[in-house]
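The ATP binding site annotation in Swiss-Prot covers 30-37, 147-150, Val176, 184-187 and rests on sequence analysis. Annotation comment: Swiss-Prot describes His37 as active site, proton donor. Taken from Swiss-Prot, the feature (R)-pantoate binding site applies to Gln61, Gln153, supported by sequence analysis. The beta-alanine binding site annotation in Swiss-Prot covers Gln61.
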Amino acid sequence: MKVITTVKDMQQIAGELRASGKEIGFVPTMGYLHEGHATLLRQAKKENDIVILSVFVNPLQFGPDEDFDRYPRDIKRDERVAKEAGVDYLFYPSVDEMYPAEQTTKIEVVKRTNVLCGKRRPVHFAGVATVLMKLFHITMPTRAYFGMKDAQQVAVVEGIVSDFHIPVTIVPVEIVREADGLAKSSRNVYLSEQERKEAPHLYRSLCIAKQKIEEGERHPRNITTVVKEYIEANTNGIVDYVDIYAYPALTPLEIIKGRIILAIAVQFKNARLIDNITLTVQ
C-alpha cells in the first residue's frame, strides 16, 4: 500500500491506472476507520482492480459549533485497517493541500438536504458535495462506496453524480452493526458507559417500526410516534428527529408506500447518533 499526500501525485497515478484499463474502487472517509469502513473497502476490493481510500477530515462540512477539532483521528490505525482490507493507495492530504486558497466555487445542493440531518446542519451538504466533487476528479474512480448509515448523504451523492454526469457508479453498502445492533460509527467512542448501554435501543425502535409496517400500519405519524416514545422511555438521549420519507427523493409521505426511509437522530451528552432502515412497501 502506498500513502499519497499530494493532489498532483494522486491524480497522476489515478489517470495512469485508468488509461491502462484498470477499474478503480474509491472509498472516501474522514478516517478513524472501523468495521463499517472495512466492509466498504473489502467490497471495493472484490469489485475492482485497484482500491483507493481517502482519509480527510473535511472542514467545509462542519458548522461553527460542531466537532471538527474534536473529531477522532488516528492515521496509524487507519493505515493498519487499510492494509488489512487490501487497499492499494491511501490518499491522505492536508487541509492546505485540498484547499490551498480561498474557494472561488462551492456546490450548493438544492434538493434532499432540507430534511433529516441537513435541516440542522445548513452548511454540511454543501461541504460534502464540494469535497466529493474534488475527490472524484482527483481519484477518477469507476465505483465509489458509501455506507447506508448516512442514507441522506448517499441520496445527495447520487443526485450530484446524476446532475453533473460524473462517470462513477455509486455503490451503497448496508449498515454494519455491533452484536447488539448499534450502528458502527467513529463517534461511538464519545458515549459514556451508560449511554453505550442505551444506544442499541435506537435500532430496536426501528425494528419495532418495521414490524408495525409489515403488520399493515401505513400512517407515518403513527409509526414515528411509536419510535419516539420507545426511545424516550428507554434512553436518556434527546430525540432530534424521527421521520419517514420517500427514498431517495426524501420527500414527505401521506401514506407509507414504495421505497421509504425511516430515519432517527438522538443527541446524547457528547455524541449525536443517527440510524435508519430503508424498506420497500407495497
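Keep in mind that glycine also has a Cβ here, set from the backbone N, Cα and C atoms.
In terms of Cα spacing, the binding-site residues Gln61, Met148, Gln153 all stay beyond 10 Å of the residue listed as 'active site, proton donor'. Ranking the binding-site residues Met30, Leu33, Met148, Val176 by how many Cβ atoms sit within 10 Å of each one's Cβ puts Leu33 at the top. Counting only residues at least six positions away in the same chain, the Cβ atoms of Met30, Gly31, Tyr32, His34, Tyr71, Pro72 sit under 8 Å from the Cβ of Ser186 (ATP binding site). In the three-state DSSP scheme, Val176 (ATP binding site) falls into the coil class.
The binding-site residues considered are Gln61, Gln153; of these, Gln61 has the fewest other C-beta atoms within 10 angstroms of its C-beta.
Cβ neighbours of Gly36 (ATP binding site) (same chain, under 8 Å, six or more residues apart in sequence): Gly147, Lys149, Ile175, Val176, Ala183, Lys184, Ser185. Calculated from their C-alpha atoms, the gap between Gln153 ((R)-pantoate binding site) and Leu33 (ATP binding site) amounts to 18 Å. Leu33 (ATP binding site) sits 18 Å from Gln61 ((R)-pantoate binding site), taking the C-alpha atoms as the reference points.
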